[in-house]
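Over in TrEMBL, the protein carries these features:
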- 1-11: compositional bias 'Polar residues' (COMPBIAS)
- 51-76: compositional bias 'Low complexity' (COMPBIAS)
- 89-100: compositional bias 'Polar residues' (COMPBIAS)
- 205-353: domain 'YDG' (DOMAIN)
- 492-614: domain 'SET' (DOMAIN)
- 629-645: domain 'Post-SET' (DOMAIN)
- 1-20: region 'Disordered' (REGION)
- 51-142: region 'Disordered' (REGION)
């Protein structure tokens, strides 16, 4: 955790009994604190864009400087309810025409559509939801040309928000006609036609706001972030005015692996050119030609300009999909022609990674070896800190100092002695015979979620809500119902690791998609009367929902000291990667409130998982940035508030 938790700074003497981590007497408690007020003041403000709701009844305020000046207020994502015509389901993308971009032709690529006959009898269907997305995130013309980290995040979050909503509508069959088989294409087309994109100005080298190691789950994300323009092609290029004539240089490539592009060395790529009648069984039956993308790569090999490289990695959670990793800048060192199995000649380009860049692809390769057990880890201490409590082991690693274990505690994967809340009238749960079906308003749990199924079919949270109502033990639906996401335990390989200056932290060995459930905040629940005493005793493991939290929108909706799980190791950050969401489900005619953590955005492997701890209302009222009990923040974010707690 953050500063103030450095109890383990002195390495213990002698050999370490690793079992002590898991078999110890309780010391203190991990405490999610819930306000017990029966109702809130009508004039109260509430955390992070939420409207008033019990039990979060205490007044909330947005911290000073917590909002972006001049930014437009996001439109609720529920506005995307207009019927989408079947004519909108194709994979052709408006706004992608670019004579300076070249790509490899893939099998199954859609053919150009024939112009439909006009008819006065059939009204034209709406092409886009009736929402001005330009006002949604306030992208200015200058930001469309040249982005920043904040703008790139806004654009990508807007894309995924709309994509998730479209998936939700399709799965609930709320579309009056047709379907959206590729919600990513529809979402990207909508944003691009509305000007919600960035880094449109082409350039050689780095793209503002995109960092090495960033991950993307859809090719469309590469397009709207300005990292790689072609929606399908593997080579992106631009015209450059030379000394005597204009020439075309390659600016980025996507190494998808379909052409055996990856070499053994993580800093080297052997990239195959485009064209040559690529077939699955009979590869490259004719010679590739030195034109378009191949010509751009050939000229770049002579000019030695930097080329952005995006690597396509197999998605472990979905073998039929890929995750795209931005691996930084490369230069073409060599090129040649070789014969393919089908008899045709193909161009080969050897790219070498520019030295001194942060690691990206090499991290993925190392993680794969660690998970397979084929490579030893530096600083490895324990294979599973949960001692089997989690279905996936949680490793313990310290590459910083000689400390061998965190503060002793008993691993507990859920709330211990949870408190029940009268949030609704008691019931016996839903009566669904198998699994709850999106759009089925006969399901009482779906009705409690305002008629929307809160998760997509792949288990991704669609949007932040006041409360997410999940099916509970009293529901008749199957245990594998998609409306039990937060009750299924860890789904990613987690690792507790020692940070350089903030105690122990938590990260994942796996990539995590935005909206994915990470873990529940586990521990003991106590009432407000005991909080002051625990704070005086120095208990740092208190989850207080009545604190003030930095305002943010996600999808345009608004203590664990001796009992806890991996959540107790998540540090604070003013620019977090994770957010908390109240989740409730019924058991024995009582409603139990839980705090679940979800990914705020796509999180690459080995990236620390952090959330905003907020700070006490009393401190905010005093107007002091260094109020009593606040701790110095060491998150290092450009938006750091300086303190928290």
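Any Cβ shown, glycine's included, is placed from N, Cα and C.
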Summarise the domain 'Post-SET' (629-645) as counts of helix, strand and coil residues per DSSP.
0 helix, 4 strand, 13 coil
DSSP puts the residues of the domain 'YDG' (205-353) at 18 helix, 60 strand, 71 coil
Any idea what the model's mean pLDDT is for the domain 'SET' (492-614)?
79
